[in-house]
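A.B. asks: Attaching a single structure in structure tokens format; questions to follow.
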Amino acid sequence: MQLETQDALYVALELAIAALSVAGNVLVCAAVGTSSALQTPTNYFLVSLAAADVAVGLFAIPFAITISLGFCTDFHSCLFLACFVLVLTQSSIFSLLAVAVDRYLAIRVPLRYKSLVTGTRARGVIAVLWVLAFGIGLTPFLGWNSKDSATNCTEPWDGTTNESCCLVKCLFENVVPMSYMVYFNFFGCVLPPLLIMLVIYIKIFMVACKQLQRTELVDHSRTVIQREIHAAKSLAMIVGIFALCWLPVHAINCVTLFQPARAKDKPKWAMNMAILLSHASSVVNPIVYAYRNRDFRYTFHKIISRYVLCQTDVLKSGNGQAGTQSALDVGL
């Protein structure tokens, strides 16, 4: 099958994004795994986010490329390819929400934070979030799908099914109904967490600014609060980028559902660009970590120097010293 120029460009860009996503997010996981200064509950949630982004590069993008080519396969195989992307997206959103709640607790109840948010509890929350993400992403398998309209399977008088009629052109819209994507996925599972995160970060900045205005604060407390503000800004930036990358796809889905006549004329390149933008969100986070966090930046440099450039140098904790900094200092 010969690809058109537009399809070939789309595939090439997807493969580039996949490579960058895998490399960058594996680096994030390795950094947290090798640096004691980065092994905090907050960063465990970021590792969960990075794991989802690695899976986007390894699986979701190849699946998306396969779906974009519109090959013919059985309905449920195509549905699985489509739903897998939804699982990873939902996991990313839940991980970002967990980070927001974690940062709010850190600045709202700083004296109780370490006893409330432990590594064990963080890992337990991550496990629950992934189970929920799979449940939400795989909901179309329970029946909320387009099988009746996408296939022409018939049950002859003898009770057998003509499997050749059950093949479907594997395109996302052919297997997942827009009613699910808009009402359940977007309005129910994507938009509410994003709005909750917006409220949480606004409250974080309000609480932090109010605390900074207290004249009786000692220098150490003021420094800790300033670090929390810096961390919150970085994490809010990640949430904002995630929203900007994913909202175009959901906007197109809304147009498809509510304005079907107009959606029929939508150019293919517009949908391809929206999909590319959504996948590009998986590349951004490691760049933000490296730019905004000294410990991540230092550890990235040490890992690359040792394992990529083969320079023999001992990998220390994020600041080049023993990992004795507080959890607040190693936040973004």
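Backbone N, Cα and C define each Cβ position, glycine as well.
Given the structure is predicted, the values throughout are model-derived calculations rather than measurements.
Sharing the feature lines straight out of Swiss-Prot:
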- 1-8: topological domain 'Extracellular' (TOPO_DOM)
- 9-33: transmembrane segment (TRANSMEM)
- 34-43: topological domain 'Cytoplasmic' (TOPO_DOM)
- 44-67: transmembrane segment (TRANSMEM)
- 68-78: topological domain 'Extracellular' (TOPO_DOM)
- C78-C170: disulfide bond (DISULFID)
- 79-101: transmembrane segment (TRANSMEM)
- 102-121: topological domain 'Cytoplasmic' (TOPO_DOM)
- 122-144: transmembrane segment (TRANSMEM)
- 145-177: topological domain 'Extracellular' (TOPO_DOM)
- N152: N-linked glycosylation site (CARBOHYD)
- N162: N-linked glycosylation site (CARBOHYD)
- E173, N253, S278, H279: adenosine binding site (BINDING)
- 178-202: transmembrane segment (TRANSMEM)
- 203-234: topological domain 'Cytoplasmic' (TOPO_DOM)
- 235-258: transmembrane segment (TRANSMEM)
- 259-266: topological domain 'Extracellular' (TOPO_DOM)
- 267-290: transmembrane segment (TRANSMEM)
- 291-332: topological domain 'Cytoplasmic' (TOPO_DOM)
- C310: S-palmitoyl cysteine (LIPID)
A.B. asks: Could you check if the transmembrane segment (267-290) is in contact with the transmembrane segment (178-202), meaning 3+ Cβ pairs under 8 Å among residue pairs at least 6 apart in sequence?
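C.D. replies: Since fewer than 3 Cβ pairs under 8 Å link them, the transmembrane segment (267-290) and the transmembrane segment (178-202) do not come into contact.
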A.B. asks: To the nearest Å, how far is the Cα of C170 (disulfide bond) from the Cα of H279 (adenosine binding site)?
C.D. replies: 19
A.B. asks: Answer with yes or no whether the transmembrane segment (9-33) touches the transmembrane segment (79-101) by the criterion of at least three Cβ pairs under 8 A, sequence separation 6 or more.
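C.D. replies: Checked: the transmembrane segment (79-101) vs the transmembrane segment (9-33), no contact.
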A.B. asks: Counting CB pairs under 8 Å, which listed stretch among 9-33, 44-67, 122-144, 178-202 touches the transmembrane segment (235-258) the most?
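C.D. replies: Top-ranked stretch among 9-33, 44-67, 122-144, 178-202: 178-202.
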A.B. asks: Out of 44-67, 122-144, 178-202, which stretch touches the transmembrane segment (9-33) the most, going by CB pairs under 8 Å?
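C.D. replies: So the stretch in question is 44-67.
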A.B. asks: How does the model score the topological domain 'Extracellular' (1-8) in terms of mean pLDDT?
C.D. replies: 72
A.B. asks: Of C78, E173, N253, S278, which is closest to the residue listed as 'S-palmitoyl cysteine' if I measure between C-alpha atoms? They're all recorded positions.
C.D. replies: S278
A.B. asks: Out of E173, N253, H279, point to the one nearest C78 (disulfide bond) in space (Cα versus Cα); all of them are binding-site residues in the record.
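C.D. replies: If we rank E173, N253, H279 by Cα distance to C78 (disulfide bond), first place goes to E173.
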A.B. asks: What does DSSP assign E173 (adenosine binding site), in three states?
C.D. replies: helix
A.B. asks: Using DSSP and three states only, what is the residue listed as 'S-palmitoyl cysteine'?
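C.D. replies: In three-state terms, the residue listed as 'S-palmitoyl cysteine' counts as coil.
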A.B. asks: If you draw a 10 Å sphere on the Cβ of C78 (disulfide bond), how many other Cβ atoms land inside?
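C.D. replies: If we count other Cβ atoms within 10 Å of C78 (disulfide bond), we arrive at 27.
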A.B. asks: Of all the recorded positions given, C170, C310, which has the fewest Cβ neighbours within 10 Å once its own Cβ is left out?
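C.D. replies: Each of the recorded positions C170, C310 was scored; lowest Cβ tally within 10 Å is C310.
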A.B. asks: Can you give the largest Cα to Cα distance in Å, as a whole number, for the residues E173, N253, S278, H279 that bind adenosine in the record?
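C.D. replies: Roughly 18 Å, rounded to the nearest whole number.
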